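Here's what TrEMBL has on this protein:
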TRANSMEM  16-39  transmembrane segment
TRANSMEM  60-86  transmembrane segment
TRANSMEM  92-112  transmembrane segment
TRANSMEM  133-155  transmembrane segment
TRANSMEM  167-189  transmembrane segment
TRANSMEM  201-221  transmembrane segment
TRANSMEM  256-272  transmembrane segment
TRANSMEM  293-318  transmembrane segment
TRANSMEM  370-395  transmembrane segment
TRANSMEM  470-490  transmembrane segment
TRANSMEM  597-617  transmembrane segment
TRANSMEM  629-653  transmembrane segment
Amino acid sequence: MSDQVLPQGAGYGVTYQLAGIGLFFSAFMLGLTAMQARYTGVSPKDSEEFTSASRSVKPGLIASGIVSAWTWAATLLQSSAVAYRYGISGPWWYAAGATVQVLLFAQLAAKLKLNAPYAHTWLEIVAVRWGTAAHLIFMFFGLATNLIVSSMLVLGGSATVTDLTGMSTIAACFLIPMGVAIYVVVGGMRSTLLCDYTHTTVLFAIILTFVFTVYVTSGYIGSISKMHFLLSEASAVAPVAGNAGGSYLTLRSKNGLIFGVINLIGNFATVFQDQAYWQRAIASRPATTVKAYLIGGLAWFAIPFTMATTLGLAAVALSAVPASSSSAQVPTTSGFVPLLPALSDAQISAGLPAPVAAATLLGKSGATAMLILLFLAVTSATSAELIAVSSIWTYDIYVRYINPKATEQQILRMSHLGVAAFALVMGVAGVIFYYIGISMGWLYTFMGVILGSAVVPIALCITWRKASRVGCLAGAVIGFIAGLVAWLATTAGLNNHVINVTVGSRNYEMLAGNLGSIAIGGIIATIVSLIWPEDYDFTATRAINLPASHHKTPAVDEGEVYVEKKAPDSSISSVVNEGPKLDNELDPAGLNKAFKFAAWSSVALTLIFLILIPLPLFGASTVYSVAGFSVWVIVGIVWAFCSAFAVVLYPLWESRTALALISRGIIKDIFARGSGKYVPPEAAVDTQTAA
Ligand SMILES: NC(N)=O
């Protein structure tokens, strides 16, 4: 938009606030950290606590961390862009096609606890099982994932800030990650999860505000039936190519379905290969990891689905409202100046339908709410990426290849350095993509081409004893080449031998690249593993970073295996003395049972999301009536409320003991300074005995 809704100052306000809010959250983190240390004994000055929250976090908070790490700028913007392009099928395919990976990841998380319960990163498991070459090849895919996801965060965030305020995109690209880096360095993993929790809470509040504005209070829309009417008007003026009856109100959308497949593949890559999701599994209590991923996945679904069904569709509906209209207007099917002119391809690809709709509906307050929403999504996902890359840098590069005898202090210093350095890299990557004309939406559909080939090999490496090293490496590398070749060849073939950013981003071109990459990678890895299976027993991976007290397991090939001898922080037991309980939770029978539960429940939910609900509706070419559309929207709203309860109220309830401990400590301190401090149980017994 040339006329920005908010002044540039608001952009700098928000983005300096990003630095400012970075500082604010740092102070908040320092406060939290000090409170945790004083009243519960937990401190991120220990590297295990910094990167993995001592593997003791409960499922509600992990679920909230999953939701916030998985809520990108694209989750809000790209989902709304596909609603704007394809109608109601866009939000469904976006949400379902990125939820099932989190649900299926529950299986990997269960195997992680079973096969490498003390690992810091998923790459450590690859290194121990298959050695240095595999470690380096998979590290390429892991870091490429972090770079692509981070670039999308910066691109989506900066495009919106620039559009709404006119602020410099370059400045936004750097200020966004820098502000976040400050609070991540201060707080580490546990505090990052607590910050994610506060962000997720506000995020749901803002999304629900948009929902009620669009479907209840807006003068332009204001009800589900009016939205239905306006969407019908919009398609009467400009039918949607490839949709049943050209309608926005149908799941029968050819391009929606193609987007769904591309989305599905790309998101497999960005969940399975992103250390951020492994990190949440690592930080989780062993017994509740599966539960956390299932809750997190189901709760997350509501965010893109409801957001896009609200603002993405609102952007279409507002194009059917005459500019001079009031709430009493009756749009006509032609011959009027629309309140919201059609957006260009570039604007849609940059993710602008949602911000533009918010600003049109609510003026400055809508634009401000959108900026805050984006800020919350981008900062919490950025914090997850920063700490993920920092962990890979620290444990998979620094400790493994540079300084295997690193001290606790050196490890912690490297973790901090990793966060700061990657924040800078994010900014630079955002600027480079911006200058070469690659937008968030472009990267979103392209990510599966680059990353898809390693999805199946990585899953097999961690879950399957028969997985073949050669097969999985060959699958990842050949699939990568096949994906690129398929994308380039299809682009050239369909566009008179022209290959450029614009034509390369079209649906069939991206579909070919995505499918080529994941299919070739998966087929080679699986077939080679079936023909030449390994028989790996995971003993060596179970020994990764095994605490000193557990070192009675048989020796493994020391040449190949990297084993850290540090015990995890004893503060793991600080809140309610849970150290021994957490070790009991590593009982293989219990973890196997959890894996089986994860397997059947995630597969069943995947079938429901991808087959049972959308395909009959696609096949029937149903164009929703007002009643059908009402059910569709109301289910989304109810789901959003349930999600908010799951990731906002449930974590509070499950942490009631710790919250009571902290409150008691604070109250005691108020009445007698120093008396509220946490006393470890042994010390309390000693004191009593001495008395
Ligand atoms: N996290 C996603 N795909 O929105």
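Cβ atoms are placed via backbone N, Cα and C, with glycine included.
Any TrEMBL annotation is an automated prediction that lacks curation.
On a predicted model such as this, the values are computed, not experimentally measured, just so you know.
Put simply, of 167-189, 370-395, 629-653, the stretch with the most CB pairs closer than 8 A to the transmembrane segment (133-155) is 370-395.
Tertiary proximity for the transmembrane segment (597-617) is limited to same-chain residues at least six positions away from its ends with a CB under 8 Å from its CB atoms, namely 89, 92-93, 96-97, 99-100, 103-104, 106-107, 109-110, 250-252, 260, 264, 290, 293-294, 297-298, 301.
Sequence-distant contacts of the transmembrane segment (201-221) (same chain, at least 6 residues past either end, Cβ-Cβ under 8 Å): 68, 71, 227, 230, 303, 306-307, 310-311, 314, 317-318, 321, 325-327, 339, 358, 360-362, 366, 369, 372-373, 376-377, 633, 637, 640-641, 643-644, 647-648. Panel annotation: around the transmembrane segment (293-318), residues 59-60, 62-67, 70-71, 75-76, 79-84, 87-88, 90-92, 94-96, 98-103, 105-106, 109, 203-204, 207, 210-211, 214-215, 218, 220-221, 226-227, 230-231, 234, 248, 280-281, 338-340, 343, 353-354, 356-358, 360-361, 598, 601-602, 605, 609, 632-633, 636-637, 639-640, 642-643, 646-647, 650 of the same chain, lying at least six beyond its termini, place a Cβ under 8 Å from a Cβ of the stretch. Scored on C-beta pairs under 8 angstroms, the neighbour of the transmembrane segment (92-112) with the top count among 60-86, 167-189, 256-272, 629-653 is 256-272. Nonlocal intrachain contacts for the transmembrane segment (470-490), taken as residues 6+ away from its ends with a CB within less than 8 angstroms of a stretch CB, comprise 130, 133-134, 137-138, 141, 446, 448-450, 452-454, 456-458, 460-461, 499, 504, 508-510, 512-529, 532. The stretches the transmembrane segment (256-272) and the transmembrane segment (629-653) do not meet in space: the count of Cβ pairs below 8 angstroms, excluding pairs fewer than 6 apart in sequence, stays at fewer than three.
Most Cβ pairs under 8 A with the transmembrane segment (167-189) among the ranges 60-86, 370-395, 629-653 are made by 370-395.
Panel annotation: around the transmembrane segment (370-395), residues 6, 10-11, 14, 17-18, 21, 47, 51, 65, 68-73, 75-77, 120-121, 123-124, 139, 142-143, 146, 149-150, 153-154, 156-157, 160-161, 164-165, 176-177, 179-181, 183-184, 188-189, 192, 195-196, 199-200, 202-203, 206-207, 274-276, 278-279, 354-355, 358-359, 411, 414-419, 421-423, 426 of the same chain, lying at least six beyond its termini, place a Cβ under 8 Å from a Cβ of the stretch. Same-chain residues lying 6+ beyond the ends of the transmembrane segment (629-653) with a Cβ under 8 Å from its Cβ atoms: 58, 60-61, 63-64, 67, 88, 91, 197, 200-201, 204, 207-208, 211, 215, 224-225, 227-228, 249, 295-296, 298-303, 305-306, 309, 659. Sequence-remote contacts of a segment are chain residues at least 6 beyond its ends whose Cβ falls under 8 Å from one of its Cβ atoms, and for the transmembrane segment (60-86) they are 93-95, 98, 102, 149, 152-153, 155-157, 160, 192-194, 196-197, 199-200, 203, 240, 243, 248, 253, 255-256, 259, 271, 276-277, 280, 283-284, 288-289, 292-293, 295-297, 299-300, 303-305, 307-309, 311-313, 315-316, 343, 348-355, 357, 373-374, 377-378, 380-381, 384, 440-441, 444, 643, 646-648, 650-655.
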